[in-house]
Amino acid sequence: MGKSTACLFGAIVILWCCISHVTSDASDHRYNKGDSVPFYANKVGPFHNPSETYRYFDLPFCSPDKVKEKKEDLGEVLNGDRLVVAPYELDFQIDREPQSICKKTLTVNEVAKFRHAVLKDYFYQMYYDDLPIWGFLGKFDSEDKDDPTGVRVHLFKHVHFEILYNKDRIIDVFIRNDPRAVVDLTQNREVNVDFTYSAKWIETDTPFEKRLEKYSQTSSLSHNLEIHWFSVINSCVTVLLLTGFLAIILMRVLKNDFVKFTPDEEAVDDQEESGWKYIHGDVFRYPRFKSWFAAALGTGTQLFTLAIFIFMLALVGVFYPYNRGSLFTALVIIYALTSGIAGYYAASFYYMVEGKNWVKILVLTGSLFSGPLFFTFCFLNTVALAYNTTAALPFGTIVVIFLIWTLVTSPLLVLGGIAGKNSQTGFQAPCRTNKYPREIPQLPWYRTTLSQMAMAGFLPFSAIYIELYYIFASVWGHQIYTIYSILFIVFIILLIVTAFVTVALTYFQLATEDHEWWWRSFLCGGSTGLFIYGYCLYYYFARSDMSGFMQTSFFFGYMACICYGFFLMLGTVGFRAALIFVRHIYHSIKCE
């Protein structure tokens with residue numbers, strides 16, 4: 001396994017170098033006066049529905065006879081970017097007076113398209129020298145945009161660009177719309193429009209290295225930082241209180257238990273056993289459905305490794321603001337490369353608990369997370385195709401992902417499984433397991449699995465819920481999140497709280513002479529994922545303005561997959577912590 005680990009680490013290092021190179025600021029260009037600057041139009045869509053985006057020229061803008069598309073990488077396509085050459089000429093340091101792009105007569109159908117877009121708060125996104133630009137299509141004069149009566153809809157027909165430069169480099173770019181340069185689209189009739197634009201170049205002292213700081217500074221403003229640090233302090237207090245509670249309760253209880261269960265030799269035969277010591281012959285009995293359990297542990301370990309490497313890349317600055325598709329590229333590649341970890345841990349644990357069918361365990365491990373994700377993608381991609389949005393993946397991209405899964409993910413999964421099978425050792429149980437399982441006594445309702453899951457998930461969720469809002473606002477909105485160091489601290493706190501809560505509930509379960517703790521510890525550890533999905537409902541209906549079948553499907557569909565991933569990852573953390581605890585306490589007593 002040492003060589004396998006070294007090879008995996010080397011592969012990840014190479015991946016890091018590749019991603020850092022590919023996603024580095026490719027726009028580190030120097031220009032001379034009059035040089036052409038790369039200018040791309042990306043997509044348009046409703047401001048409040050981030051997944052519902054369309055190609056720029058799906059709206060009847062002035063388009064050339066032949067639209068030139070930019071060659072995009074995998075991450076950009078997964079992100080829904082569809083870049084085409086913009087219909088503007090903005091050469092370096094060349095001011096432009098109002099200049100016509102084209103004059104066209106909008107048909108009744110085209111007027112209806114623009115009117116619908118304005119009423120739905122459509123905005124467009126462009127990239128000039130890899131700097132993002134946004135602008136709205138128009139404005140309307142009524143407060144109730146859903147009531148067409150009395151609404152006056154206007155389309156902006158003039159765009160003014162203000163471009164900041166420092167010597168031979170571009171620093172920033174802004175779009176200004178003239179509220180007087182509009183065309184009325186209120187009525188269903190043909191309209192003549194002269195689309196125009198202008199440009200003004202302004203020199204600035206801002207160095208090129210700081211041109212992206214304004215995007216990262218939005219999440220680093222003083223009032224935002226105070227909230228983030230309050231979240232961290234809240235989480236730390238939760239950890240300290242929980243740690244103190246567990247230390248006091250468990251140490252006192254366990255100390256009494258150890259005294260009780262290790263009396264003088266003469267008194268051993270006369271004392272009746274009770275509590276967790278009473279079930280020492282059953283506590284290490286292998287769980288039911290152990291192939292599913294091993295697959296869940298292997299997949300959870302892979303997702304945990306994936307999260308750690310994503311944090312590493314984020315902390316070294318790979319995912320800087322508007323680095324198109326870098327996160328999706330990293331997720332796909334790292335998930336593929338870490339599939340060997342899932343195969344190794346699943347197979348080694350499966351054979352450790354005396355499993356026999358290693359092919360079955362690899363099939364389960366390979367499909368436990370990717371299977372639901374695949375079916376969710378098929379449904380949502382069909383919805384995106386029906387809406388003709390950029391969220392629909394092209395056939396070529398689907399083929400690329402399939403080849404990655406076939407040529408990288410599956411072989412590494414099999415190799416990891418073979419390594420885990422060959423390195424398997426017997427399960428190290430400090431107590432011998434009885435031949436027949438002991439009957440579990442009747443338990444009150446608050447000690448059932450669902451009740452303990454509710455208790456186990458609440459505390460870890462309470463430690464992250466403040467930071468969770470900013471993550472949602474970034475992923476499903478237009479806020480920028482760059483404070484990865486704070487997010488990493490919150491993630492570590494989440495792991496600690498999950499481990500501590502699972503250990504406490506496992507002890508209380510064993511104390512009631514319930515020895516079926518394997519699945520219970522996994523379910524309790526992963527229950528935070530269910531709380532996160534519950535937060536999705538609150539965020540969608542109370543904190544966002546998302547609407548429509550497509551956006552609703554994308555939000556709840558992909559968030560279900562993400563929360564399921566958290567369930568597997570945190571369930572693995574909870575079980576590993578509980579296993580260490582159970583082994584420790586039963587090592588500390590004399591088992592007959």
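Numbers run from 1 along the shown chain.
Including glycine, each Cβ sits where the backbone N, Cα and C put it.
Nobody curates TrEMBL annotations by hand; they come from automatic prediction.
Taken from TrEMBL, the feature signal peptide applies to 1-24.
What TrEMBL records for 227-250 (among others) is transmembrane segment. Sequence-remote contacts of a segment are chain residues at least 6 beyond its ends whose Cβ falls under 8 Å from one of its Cβ atoms, and for the transmembrane segment (227-250) they are 459, 462-464, 466-467, 470, 483, 486, 489-490, 493-494, 496-497, 500-501, 503-504, 507.
Annotation source TrEMBL lists transmembrane segment at 292-320 (among others). Long-range Cβ contacts of the transmembrane segment (292-320) within its own chain (Cβ-Cβ under 8 Å, at least 6 residues beyond either end) map to 12, 16, 19-20, 23, 25, 212, 216, 326-327, 330-331, 334-335, 338-339, 341-347, 349-350, 353, 355, 361, 364-365, 368-369, 482, 484-485, 487-488, 491, 518-519, 522, 526, 565, 568-573, 575.
The annotation transmembrane segment is assigned in TrEMBL to 326-347 (among others). Within the same chain, residues 1, 4, 8, 11-12, 15, 19, 22-23, 73-75, 78-79, 294-295, 297-299, 301-302, 305-306, 309-310, 313, 318-319, 358, 361-362, 364-366, 401, 404-405, 408-410, 412-421, 423-424 sit at least 6 positions outside the transmembrane segment (326-347) and bring their C-beta atoms closer than 8 Å to a C-beta of that stretch.
The transmembrane segment annotation in TrEMBL covers 359-387 (among others).
Cβ atoms under 8 Å from those of the transmembrane segment (393-415) belong to residues 4, 74, 77-78, 332-333, 335-337, 339-340, 342-343, 362, 365-366, 370, 381 of the same chain, restricted to positions at least 6 beyond its ends. Feature annotation from TrEMBL assigns transmembrane segment to 393-415 (among others).
The transmembrane segment feature in TrEMBL is assigned to 453-472 (among others).
Here the transmembrane segment (484-510) has long-range neighbours at 228-229, 231-232, 235-236, 238-239, 242-243, 245-246, 249-250, 253, 275-276, 279, 283, 307, 311, 314-315, 319, 447, 452, 455-456, 459-460, 463-464, 467, 471, 517, 520-521, 524-525, 528, 570, 573-578, 581-582, 585, meaning same-chain residues at least 6 beyond its ends whose C-beta is under 8 angstroms from one of its own. Here TrEMBL flags 484-510 (among others) as transmembrane segment.
According to TrEMBL, the transmembrane segment annotation covers 522-542 (among others).
The transmembrane segment feature in TrEMBL is assigned to 554-582 (among others).
For the transmembrane segment (359-387), the partner stretch with the highest count of Cβ pairs under 8 angstroms, out of 453-472, 522-542, 554-582, is 554-582. Long-range contacts of the transmembrane segment (453-472) within the same chain: residues 219, 227-228, 230-231, 234-235, 238-239, 242, 479, 481, 486-487, 490, 493-494, 497-498, 501-502, 505, 523-525, 527-532, 535-536, 539, 543-544, 570, 574, each at least 6 residues beyond the stretch ends and with a Cβ under 8 Å from a Cβ of the stretch.
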